[in-house]
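Swiss-Prot annotations:
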DISULFID  57-65  disulfide bond
BINDING   110, 149, 231, 236, 237, 261, 324, 371  substrate binding site
DISULFID  177-191  disulfide bond
CARBOHYD  224  N-linked glycosylation site
ACT_SITE  233  active site, nucleophile
DISULFID  267-310  disulfide bond
SITE      324  site 'Transition state stabilizer'
DISULFID  462-493  disulfide bond
């Protein structure tokens with residue numbers, strides 16, 4: 001019997017909904033994260049303690065390259081000067097030490113002991129110092145964590161569970177079976193990620209003894225290291241009922257990785273975790289901005305779908321690249337398309353996430369090539385993308401400061417044609433396009449909410465225009481445009 005894609009997705013969503021629903025109580029910490037702009041870091045690849053900017057790092061080798069907590073500390077001003085208010089760092093706990101078929105666990109996702117810090121990145125005191133240095137700059141720390149699995153060099157049928165801490169017995173894990181059908185939610189949650197070369201033993205998070213240990217651990221982990229937020233890896237592979245108590249025990253905003261592009265599947269996870277990675281928006285965003293041949297209709301429809309399907313889109317995290325997906329600059333070399341994609345992430349709904357190296361135009365494709373050593377770029381503050389991000393973040397930060405409702409307001413599309421999208425959030429009107437570097441267009445945008453004669457500033461060029469309900473916009477060279485009331489721009493374009 002043939003089953004339609006729509007019916008299949010509906011059944012998957014039903015499985016998510018079928019769990020006993022415990023709505024997450026959104027605490028003030030989650031409210032605080034709505035106004036943040038996040039810079040994502042793979043610790044091993046961002047900055048070295050010794051400050052060396054020529055140390056080799058061949059991504060294909062998959063070795064530790066020397067990035068550290070102290071290295072991050074030394075480059076915090078590089079991040080803050082782009083306007084970021086928070087960082088998200090890769091997992092910090094001890095991982096398996098083996099040189100596997102896929103190299104070492106420099107990325108942090110192959111756990112061995114949740115109570116120890118990975119010494120390749122520094123000491124526990126170094127991590128505490130990183131949190132303190134961030135807080136001294138009025139910035140927040142988000143740490144990536146794994147609750148779904150541990151790691152093992154080799155096949156899953158020969159695991160020595162006694163090497164793990166604290167889950168040192170097979171009884172804490174699901175029986176070995178590799179996921180063969182990602183459309184089967186029971187398999188997705190109970191079978192194992194990984195393969196016969198590197199197994200990822202899958203924890204029984206539905207068991208109260210496993211959940212109790214994790215809840216106690218996360219409370220201490222967050223408290224000991226002054227962590228402000230958590231990113232939860234592989235969330236769709238974990239029993240949903242595990243999350244409400246776990247998130248409450250942590251006491252901080254958490255965002256779950258639900259690697260699925262259908263909002264009917266992804267959005268219900270907000271019943272269990274306050275934030276979710278916005279994969280439903282990721283796919284149409286990259287498809288629209290990577291080529292001049294795409295129409296905006298898929299993207300505008302998904303903006304509407306996410307707004308209606310997710311209980312709180314302002315707590316989703318938006319992105320166009322990360323450590324699991326190829327860098328956007330590998331999809332196109334057109335600088336205006338890349339600039340539009342970056343600006344769209346920063347000025348859209350939810351919480352923006354920029355992956356380290358986007359500001360330097362790094363262009364690695366999929367893992368491991370999208371995990372380059374940033375120090376080889378020289379941390380150039382004069383790169384076009386660095387300056388674009390700084391101005392777009394400045395516009396967003398000014399809007400958050402000037403308008404107490406900005407962070408909770410939802411994006412609306414106020415104009416679109418095949419190649420141009422104009423959005424409004426609060427008093428910020430942004431115009432994006434996929435015309436390409438040689439493209440130009442004149443458009444009239446209605447329903448801006450601006451008053452006749454109101455002074456506006458386009459922050460990327462610092463040009464002043466006179467506002468009205470109908471805004472005349474001339475797109476040149478395919479560049480994005482961000483309009484704000486003049487009072488927002490006093491520090492941006494002074």
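Even glycines carry a Cβ here, placed using N, Cα and C.
This view paints the features noted in Swiss-Prot onto the structure.
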residue: 65; record: disulfide bond; DSSP class: coil
residue: 177; record: disulfide bond; DSSP class: coil
residue: 224; record: N-linked glycosylation site; DSSP class: helix
residue: 231; record: substrate binding site; DSSP class: strand
residue: 236; record: substrate binding site; DSSP class: helix
residue: 267; record: disulfide bond; DSSP class: helix
residue: 324; record: substrate binding site; DSSP class: coil
residue: 371; record: substrate binding site; DSSP class: coil
residue: 462; record: disulfide bond; DSSP class: coil
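Less than 8 angstroms from the CB of residue 237 (substrate binding site) sit 148, 149, 188, 189, 193, 202, each of them six or more residues away in the same chain. Listed in sequence order, the residues of the same chain lying 6 or more apart from residue 110 (substrate binding site) and placing their CB within less than 8 Å of its CB are 95, 96, 150, 151, 152, 198, 200. Separating the Cα atoms of residue 224 (N-linked glycosylation site) and residue 462 (disulfide bond) is a whole-number distance of 44 Å. The two recorded residues, residue 191 (disulfide bond) and residue 236 (substrate binding site), have Cα atoms 12 Å apart. According to DSSP, residue 149 (substrate binding site) is assigned to a strand segment.
Each of the disulfide-bonded residues 310, 462, 493 was scored by other CB atoms within 10 A of its CB, and the lowest score goes to 462. With respect to their backbone Cα atoms, residue 236 (substrate binding site) and residue 177 (disulfide bond) stand 17 Å from each other.
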